Amino acid sequence: MLPAVGSVDEEEDPAEEDCPELVPIETTQSEEEEKSGLGAKIPVTIITGYLGAGKTTLLNYILTEQHSKRVAVILNESGEGSALEKSLAVSQGGELYEEWLELRNGCLCCSVKDNGLRAIENLMQKKGKFDDILLETTGLADPGAVASMFWVDAELGSDIYLDGIITIVDSKYGLKHLTEEKPDGLINEATRQVALADIILINKTDLVPEEDVKKLRTTIRSINGLGQILETQRSRVDLSNVLDLHAFDSLSGISLQKKLQHVPGTQPHLDQSIVTITFEVPGNAKEEHLNMFIQNLLWEKNVRNKDNHCMEVIRLKGLVSIKDKSQQVIVQGVHELYDLEETPVSWKDDTERTNRLVLIGRNLDKDILKQLFIATVTETEKQWTTHFKEDQVCT
């Protein structure tokens with residue numbers, strides 16, 4: 001585990017990391033459990049946040065409270081030498097291996113320090129004993145890279161699917177973490193975690209003045225104009241707010257159209273920092289032209305703003321109207337991965353078809369992106385090339 005950064009005050013309260021009461025896991029399943037697990041895909045929710053924000057506290061809360069949910073939790077960073085880790089991880093011959101334990105509230109728990117995917121593969125052997133998987137990342141991890149693994153897995157017919165990304169932000173130190181400038185000019189870890197989140201939990205709100213929480217909330221909203229922001233104390237949250245989000249599948253299209261209508265454009269909280277931009281273009285899009293637009297942004301990275309800075313897209317989401325398709329199509333993107341999927345929602349005959357996109361990233365220019373979308377989707381490839389040049393590829 002990487003050492004904690006900052007003062008002792010930024011670390012988790014040791015009392016909050018007391019080991020939950022454990023019972024040995026049974027190796028056999030009842031007939032009902034086996035039936036309930038057959039054919040059903042299991043949602044994976046990624047829990048991320050800066051060091052000391054409250055990730056372990058949230059997971060301990062889920063593992064100990066009576067909530068009638070059967071949740072499997074994978075602890076990827078549980079604090080060096082903590083009582084929780086000692087109970088969940090067994091060292092033998094100098095190698096750490098996983099030990100799944102069943103808690104009295106029906107949850108499963110495991111500590112793993114290398115590969116969360118391997119832990120999930122082992123966990124799936126117990127399919128039928130749980131309904132959801134929560135995966136904790138390390139404090140400095142890029143949740144986009146973790147999310148991409150499960151998104152790709154789902155495309156390969158896996159038994160799991162990515163449900164959403166939850167980012168926890170410390171009320172006391174969050175603003176400091178989000179405004180920290182890295183010497184190499186890269187996006188700092190805390191900001192990237194917020195930018196990728198579907199749900200942002202502002203934690204420990206009881207430890208700071210209300211005015212500080214408002215400032216932090218404003219900064220978070222300036223980074224991510226799409227995610228839902230919730231305020232919590234000691235990471236206590238209604239599980240319905242963090243589970244069954246369907247943030248990465250077609251079911252989210254049912255509610256996405258209404259949400260996209262209220263997404264505000266944001267201004268950067270630091271020069272060249274992350275912002276949310278949104279635009280709408282009426283009409284139908286040709287699927288191959290839409291792919292060209294997205295691939296130039298995410299893959300080729302050859303789209304620049306007015307200051308000649310490369311536009312870097314971290315998260316992309318939207319609803320589009322594809323020519324000759326009656327269903328609304330949801331477009332999702334994380335880093336260099338993206339997907340188009342038909343939703344259960346049909347376009348009504350008496351309503352105008354439209355395309356509405358939300359992009360979260362750095363150096364984004366709404367006007368240029370909207371013009372490029374119109375040119376790419378509705379005009380010829382020759383006209384598109386007037387907006388970028390091959391020798392301007394960003395590095």
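Each Cβ is built from the backbone N, Cα and C atoms, and glycine gets one as well.
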Which listed span Swiss-Prot calls motif 'psi-PxLVp motif', if the choices are 17-24, 113-120, 185-192: 17-24
Residues flagged as region 'Disordered' in Swiss-Prot, choosing from 1-22, 67-88, 199-220: 1-22
Fewest-neighbour residue among binding-site residues, criterion Cβ within 10 Å, set CYS107, CYS109, CYS110: CYS110
Tally of residues which DSSP labels helix, strand or coil - the motif 'CXCC motif' (107-110): 0 helix, 3 strand, 1 coil
